[in-house]
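Listed features, source Swiss-Prot:
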type	residues	note
BINDING	12-18, 40-42, R304, 330-332, 412-414	GTP binding site
ACT_SITE	D13	active site, proton acceptor
BINDING	D13, G40	Mg(2+) binding site
BINDING	D13, E14, G15, K16, N38, A39, G40, H41, T129, R143, Q223, T238, R302	IMP binding site
ACT_SITE	H41	active site, proton donor
BINDING	T298, V299, T300, G301, R302, R303, R304	substrate binding site
Amino acid sequence: MANVAVIGAQWGDEGKGKVVDWLASRADVVVRFQGGHNAGHTLVVGDQTYKLSLLPSGLVRGKLGIIGNGVVVDPEALLSEIARVSAQGLAVGPETLRIADNATLILPLHGAIDRAREQARGDSKIGTTGRGIGPAYEDKVARRAIRIADLAEPETLSAKLDELLLHHNTLLAGLGAETFEKQALLDQLLALAPKILPYAEPVWERLDEIKRAGQRILFEGAQAVMLDVDHGTYPFVTSSNTIAATAAGGSGMGPSAVDFVLGIAKAYSTRVGSGPFPTELFDETGELLGDRGHEFGTVTGRRRRCGWFDAVLVRQAVKVGGIQGLALTKLDVLDGLPELKICTGYQINGETFRRLPASPAAQAAAKPVYESMEGWSGSTQGARSWADLPAQAIKYVRRIEELTEVPVTLLSTSPDRDDTILVKDPFEG
């Protein structure tokens, strides 16, 4: 049986939650391998709607959830999320959730620095969620992070906090923000330890056992390829690598761990916050896409920017992300539009490009080259087979396949998990 990684192929918010939920019902284990609680999934199960930011989506299907070492974990946010879903009747405990003991912790000072920096940027804001993800990754790379395993060694925490505060309080003071007292942080960590440590273990060992037992593993990515810290629209990106290759390192498994990479893309484009967006629409069509698609962020509540499908961007995501099949979502949002446009290239300073350059100045200057297609008047909502789709809708999907150079293996036609057209089963490789 194949192990599957699911990643976003645009700027996030592509509908990964529904697709992951659909796949999780057929997996044995669901693994988070990067990011933090800065991205959200909305899952509808029966009459319950779950909003998850840190917990693996498979938990709502009764599957084992694993948070890998590549994730930065805010312990307060984790416990709050567990309490919230538990109040909805979902049992989450050490039997159903395991967390890598070498995962980095997000502390209150990380969020404080995140917000202070963003405020200091003024009009040049990156658009972070202010939840401390970036500063926590900085500490990890600088080898001063406090990790979950450190909670089991309280005698070492004081010295580690000294090093941490030497760095962060200097930054906070320079930004004119309030600094932190060591004792308050130490007391908080000591109080959290007995609540967090029961979930901790070297998850690489468990995942090795799961793999050798032939069980199905679903790797659940957060954010998307175009928010990757290396391959995205830098500096308007997240602080981790979001491509499928990260699934191995972020969970403690080797590169052979992933057999199939499924990329999620909307049938149009959206983006939250700042950064280049060549196909963004500022007219009534853009408003229509936002209203029909209910385009508001799960975590921030911010209205998403909307535009036409960018085949150049998604093709690039396919190549650098290792995507072998696309799950195309929200096709029904395009129902009734008389004309559709797909971006097939960019004009930048008089030159035509079939890629998004790395230079921020070139990205900001990119003007889309469009190909127009006839829309469809019929409804695609709730379609569960190709026969249910209007002919023009099928043509639109086929053209996306041609331009992105990857097959559409799954098509979503409504938020309902059963309104899905399966072309190829990702778990069959």
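For all residues, glycine too, the Cβ spot is worked out from N, Cα and C.
The Cα of L331 (GTP binding site) lies closest to that of D13, out of the recorded positions D13, N38, G40, R302, R304. Distance between Cα atoms for the residue listed as 'active site, proton acceptor' and Q223 (IMP binding site): 7 Å, as a whole number. For the recorded site, L331 (GTP binding site), the DSSP three-state label reads helix. For G15 (GTP binding site), the nearest neighbour among the listed binding-site residues (N38, R303, R304), judged by C-alpha distance, is R304. For the binding-site residues listed here (G12, G15, G40), the lowest count of other CB atoms within 10 A around the CB belongs to G40. In the three-state DSSP assignment, the secondary structure recorded for R304 (substrate binding site) is coil.
Candidate binding-site residues: T42, Q223. Fewest other C-beta atoms within 10 angstroms, T42. Taking every pair among D13, E14, G15, K16, N38, A39, G40, H41, T129, R143, Q223, T238, R302, the residues recorded as binding IMP, the greatest CA to CA distance is 35 Å. Listed in sequence order, the binding-site residues from G40, T129, Q223, R302, R303 having a Cα within 10 Å of the Cα of K18 (GTP binding site) amount to none. By neighbour count, meaning other C-beta atoms within 10 Å, the densest spot among the binding-site residues K18, R302, R303, R304 is K18.
Distance noted between the C-alpha atoms of T129 (IMP binding site) and T42 (GTP binding site) is 18 Å. Using a 10 angstroms CA-CA radius around G40 (Mg(2+) binding site), the binding-site residues that qualify from Q223, R302, R303, T413 are Q223.
Under 8 Å, Cβ to Cβ, and six or more positions away along its own chain, T413 (GTP binding site) finds L331, D332, T380, Q381, G382, A383, R384, D419, T420, I421. K18 (GTP binding site) falls within a helical segment according to DSSP. Counting Cβ atoms from all protein chains shown, N38 (IMP binding site) has 27 others lying within 10 Å of its own Cβ.
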